[in-house]
Amino acid sequence: MSIFNQKSKFKVKTEVRKVKQAVEPTPESKKRYVGNGSASASTNGTPRASPTPSSLQVKRPRPRPGAGAASPATGPSLSSSTSASPLDLTRKRRAPAGSSSSRSPATASPAPRALSDSEPGSDDDDDDDWRDRLDPSKRRKRAHTEDPDRRLRHPRLWAGQGDEDKPGIVHAVQVASLADKCQPVMKLARDEVGVRLRYPGAKYTERYELVWGKDKIDGALDIMKVVKFVASTYLTDAEAKPFLDHNLGINRRLEKSKNTNDGEGFKAALAEYNNQLLALQTEGAIARNIDAMRGVPRELVEFILDQVYDRTVAPKVDLLAKYENGTDNVYGELLHPFISDIFDRTKLSSDMVFVDLGSGVGNVTLQAALERGCESWGCEMMENACNLAEAQKKEFTARCRMWGIAPGKVHLERGDFRKSERTLAALKRADVVLVNNQAFTSELNDHLVNIFLDLKIGCKIVSLKTFVHDNKIAENDVASSILEVEDLRYHEGYVSWTGAAGSFCISTRK
């Protein structure tokens, strides 16, 4: 029996806890989520050096598992209903239950966002021609959070001068190739599928093969997305025009070649992209533009994280299905949009400390470091998840360098967070703590409350289940005396084990 359930020997004045109930309308599946008003800083357009920055909007299917934490529901079978199931992870990440999406794993998830003055947000906008989204004069602004204190340039950014050591990424060809029984695309011969792709932050390029295979990276699609993100995020409108011009731009040529199965045309457009980006790197344009940025567009954050996941976790995702039902070691993921929403609500910024208790494969820990630039900690005890988390961290470090972005410091700890000295020390400095306690036992939740006694005043604790229970005697409920709770709702497609909306809490240490 938990010590908190025993009858008290002392008479203590009863304290009435106050619970804030945030009433939010039930989201409609077809409407986009509009970023809440409690965003940490101003939510603006793409962080660019140019006064009229470019941005990218890509239509995407329902979100796939893209952020992690140890938890959710019970029952070994996967249901197509919206009832919770323990894990919806096959070889590649799929959409939550209830979604009909079966798109390529390279496709990232939609993020909650704030609308700019030029974007009314009606459903009709989704039908706008894709050219409008690439035209610098009509380009829409993508939500991100600007942090005036953040410096985004990676300390090892290659700016066209001298040599550099290889970043050590997992190349796309290592997970999707002819050797993996994939087939050539765009009428290319087997000896013609090899290509290289340049990134804005490095001299070295990534190796791809233009092939297709079930549950494999779509090399051509991945390349096209990189080209769009580089042009729309790292360049001024004038610099981006050769890439995004809707008639003769490189992106248009790539898309046309892919649609017409013109492999040679695709390779020619890719070669021109590589050459033009190299010229911009050499003349210092990339470094100059990154220096003017104060935030990373959420779509780019999601894409980078998906690149990391698809090259490290996805090929071994079956390892995550080995969990012990009915214990604290059940695996499930909070998705990118949910995590961004949490960061907004808790006002997480680059000078803060974030801790994820039960961090799974490290998705949330990495997202906090990349999206907000903060010091980010995660602790996990499941061996398979820990091994994949280490692989993700290594690839994440290399990928951020390729993209020229400096993330916050990442710390991943193995073991029980109740006993990890480094994790407990980090908790004492933490500003935001995430606990995906959807399937935690009552004993573990009670132990967590005891740990929360050491949190600093004002620390935000985000959990899927409250630590304050109405059925407990108030005078014996430690949680009610130290936590002020706000009950909230998360939207559809925010977690991996169900496509339905649900509830969560943000508790403030008082």
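Yeah, the Cβs are placed from backbone N, Cα and C, and that goes for glycine too.
Residues or ranges marked as S-adenosyl-L-methionine binding site by Swiss-Prot on the basis of sequence analysis: 331-334, 354-363, GLU380, 416-417. Residues or ranges marked as compositional bias 'Polar residues' in Swiss-Prot: 37-57. Look at Swiss-Prot and you will find 120-129 tagged as compositional bias 'Acidic residues'. Residues annotated as region 'Disordered' in Swiss-Prot: 1-165.
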Residue with minimal Cβ packing [other Cβ atoms within 10 Å] among the binding-site residues ASP356, ASP416: ASP416
Secondary structure of SER359 (S-adenosyl-L-methionine binding site) (DSSP, helix/strand/coil): coil
Neighbouring C-beta atoms (10 Å sphere around the C-beta of GLY362 (S-adenosyl-L-methionine binding site)): 31
